[in-house]
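Asker: As listed in TrEMBL for this protein:
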DOMAIN    1-108  domain 'C2'
DOMAIN    258-377  domain 'C2'
DOMAIN    417-542  domain 'C2'
DOMAIN    585-708  domain 'C2'
TRANSMEM  808-826  transmembrane segment
TRANSMEM  838-868  transmembrane segment
TRANSMEM  952-981  transmembrane segment
Amino acid sequence: MSNLKLGVEVVSAHDLMAKDGQGSSNTFVELHFDGQRFRTATKEKDLNPVWNERFYFNVSDPNILSNLTLDAYIYNLNKANNSKSFLGKVRLTGTSFVPYSDAVVLHYPLEKRSFLSRVKGELGLKVFVTDDPSIKSSNPLPAMESSLHTGSDSIQSQEPVEHVQKFLPNLFSNEKSRARHTFNHLPNASPAQPLQQNIPSMVTQSTVNYGMQEMKSQPQVPKVFQMYSGSSSQSADYTVRETSPHLGGGQIVHGRVIRGDRPVSTYDLVEQMQYLFVRVVKARDLPSKDVTGSLDPFVEVKVGNFKGITKHFEKKQNPEWNEVFAFAKDNVASSFLEVVVKDKDMIKDDFVGLLRFDLREVPTRVPPDSPLAPEWYRLEDKKGEKTKGELMLAVWNGTQADEAFPDAWHSDAYTSNDSSSTISSHTRSKVYHSPRLWYVRVNIIEAQDLVVSDKSRFPDAYVKVQIGNQLLKTKSTQVRSLNAVWREEFLLVASEPFEELLVLSVEDRLGPTKEETIGKVVIPLNMVERRADDRFIRSRWFNIEKSVSAAMDGDHAKKEKFSSKLHLSVCLDGGYHVLDEPTHYSSDLRPTAKQLWKPSIGVLELGILNADGLHPIKTREEKGTADTYCVAKYGHKWVRTRTIMNSLSPKYNEQYTWEVYDPATVITVGVFDDSHIGGSNDHKDSKVGKVRIRISTLETGRVYTHSYPLLVLHPSGVKKMGELHLAIRFSCTSLMNMMMIYSRPVLPKMHYIRPLSVMQQDWLRHQAVSIVAARLGRAEPPLRREVVEYMSDAHSHLWSMRRSKANFFRVMSVFSGLLAVGKWFGDVCMWKNPITAVLVHVLFVMLVCFPELILPTVFLYLVVIGFWNLRFRPKDPPHMNTKISYADSAHPDELDEEFDPFPSQRGPDIVRARYDRLRIVAGKIQNVVGDMASQLERVQALLSWRDTRATIIFVLFCFVSAIVLYVTPFQVIVLLAGFYIMRHPRFRRRTPAAPLNFFRRLPARTDIML
């Protein structure tokens, strides 16, 4: 028999509900676990009782410990009738049980037992597991109790000794990634049936990890508290897991912050990471080492196995570096810091001098303290004697909240190939702002006095409109005149500052493949008039010049006495929101013009904690590894974390903040592998996965700490690349302003006054993404084009059989409710349940007799349904669902077609087979559309006299119906119609009804189609 026991220490409770009618309660706690029950002493007249009692449960089978639940119920004892009333409960799953060394007292908010329960307050528990054989289990309560008593059944035992480490080595193995998958299921509602629902997951897992291997004081791994699934059919490995990490503000438990003993950090959504900072400022009076008397100095900063190197200066004895190095103290295995000054040489670097610091004497700096002042230090030789030369530097301990952290060289960005500061410029964390985009509206009206080289013919003229790489054309005008009229309007995208030029080129089409340029008009965009509404823009005549240089020369236009002219109307439209993301999950919906911006409604805070279980992306030193960084996008602000090298479980712990202007927006967080350092894949950063979180799904003030699976769709199917741990909080400044936003249009007003076509939106969005990618690619470190396109879903508009099926099933799931109602009404009409049919008839008669009750009944029903669904509301932000996306059941050929670039690069046979498959699908859609058209044409045929006899019958029926409806009360007509529709099957015929037969005989236009 196993010695494994579960220890539960009931500490205290506070702010409980008063149930004795006198503003207090007689409280006690009952513990239920694995068929055993214990109870604490009763604390009379106390809403904040303190017990400090400990109980030990026997664990019957350690292999199913993760499937068991611990239930703690708080009751009020009513001494008058010896009964108890419910005050609240706490339920803990086996995945949250930890060894005694890791156990801490946590205060859990009390939960309701049913929908109508009223509870409040918290219960403090300390739960742990131990295998100490000297500890005896507590005496359980009898199975059947005749009466309640107030005695304590707890047995105070000695503290469990550290014997957990030697208990069942295979049970507490270090295979974290495998053990984690065992817990990806919903907690069982009944602890008596833990195995029946989880047999598949237990069969594939021979070892179970309860977290006992994490017997360290610091840092603690976040403990899993509860897990939710976005869909009942969603794979357990792809679900979001709620965690309870220790962050800068305290421990997060179910979205609430439990303050600890440590001081609260300004970075309260990330774990505090301790760093050793070294700022190398400059040196002076350095001795010369070369024969020529020159010196090429640089500095090496070494702590343990980590080494940072500054840039070197050529022939300079008083260099200035001003570089900062940050060493993560978790990885530092040394008690000394060495700063070595060297002379750069072709063969071997020469030693100049060094400084040595005892890390125990380094001061600690806590922002907002002023930066530590650097000091001059005299260099020493290898024997410890003072030598020529001085070095100015500053050394201090700090966290990632230090302002020197973003621009510092980091030890976790260290590689054996290159530890210099030059590589850190590509691995630092940075904040980017995408350029402000404008729509350029160009209305080409007409041209006069066009001059062509061949005087014997009239020009076949058209106009090219170009901004950068954007090119649009008007139609050709085939008129026998030297004046051309187009009256066509175009929209293009431009970004601030307006570096590009608007170039309009008038072309003459000489043949199918031959063209001649008549002239050009060049307009600087910074000279174009801006507008934020739909006001009229005056048109202008522009001289058509022979070249771009002549068009930009103002004096040249004055010298020319005669010139062809182009009539234009150009403006910058600031009333639109320039779409660079899909409108269904955009991160910003504001117009371009700042004067139209509304005040912000809140603040969004994001803590990027860590990633875990990443798949190797590249090979280095014959080992699979990854150099990952995270990118977050919301609105115009992009952020990039530092690159963590050589780690499949990187810790970022970086926090960022955005202003929120609309709750119907989405923040996107992506993980990428940095190919700049020893990478491949044509030097493109590989995507690891991304997470999208809609702001409107977040409760105000709650801290969401979840581990999100990183899912990527490959030609072979969906693949989990790891997990990303995030902490997010949305704080609302004005609840009333946020509620008012739900009544406003989603997009700015110009989108409704002068709407854009679907083709325009797709083309303009593609151009906007290209402009943003080009601008962010010029930053340092750059955000590459593939990163911007992946974060913006630039290719979501392309054809995909998988996505088409997913959208079809989405529509079917929405209509499933209506179909269910229709099926239920059909059963009522067929009297399958006579009692239900009779009740429906009675309700129908009541509503017909009292029609003023119809709308109140409908809205009251909707209110009841809303409150009923409140108990099933999601507790965590939604995430990528493979079932809804149809990714887990897509055919491999469909996925290969989705990843085929445009135009296709597959062979002719494959393209022909896919084309034939598309024809089959289109044929089915064609038949459905044709059937709908036939039914609508039959409705038109009622009065079109295409079938004379049918129209006469319908007209006579309408005449008789008008007389009957005039002399008969309307309520009687409705009652008779309702009773006829819901008549008993005994009064029904097997053949269709006469009105339906009449409608089906009406003619449609199908017979006259070719």
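Every residue, even glycine, has its Cβ placed from backbone N, Cα and C.
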Asker: Output the single range from 1-108, 417-542, 585-708 maximising the number of Cβ pairs under 8 Å to the domain 'C2' (258-377).
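Answerer: Answer, by Cβ pair count: 585-708.
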Asker: Across the domain 'C2' (258-377), what are the DSSP residue counts per state (helix, strand, coil)?
Answerer: 3 helix, 52 strand, 65 coil
Asker: With DSSP as the yardstick, break the domain 'C2' (417-542) down into helix, strand and coil residue counts.
Answerer: 7 helix, 65 strand, 54 coil
Asker: Reported in the order helix, strand, coil, what are the DSSP residue counts of the domain 'C2' (585-708)?
Answerer: 10 helix, 63 strand, 51 coil
Asker: As a test of reading the model: what is the averaged pLDDT for the domain 'C2' (585-708)?
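Answerer: Across the residues of the domain 'C2' (585-708) the model's pLDDT averages 89 on the 0 to 100 scale.
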Asker: Could you give me the DSSP helix, strand and coil counts for the domain 'C2' (1-108)?
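Answerer: Taking each residue of the domain 'C2' (1-108) in turn, the totals are 12 helix, 56 strand, 40 coil.
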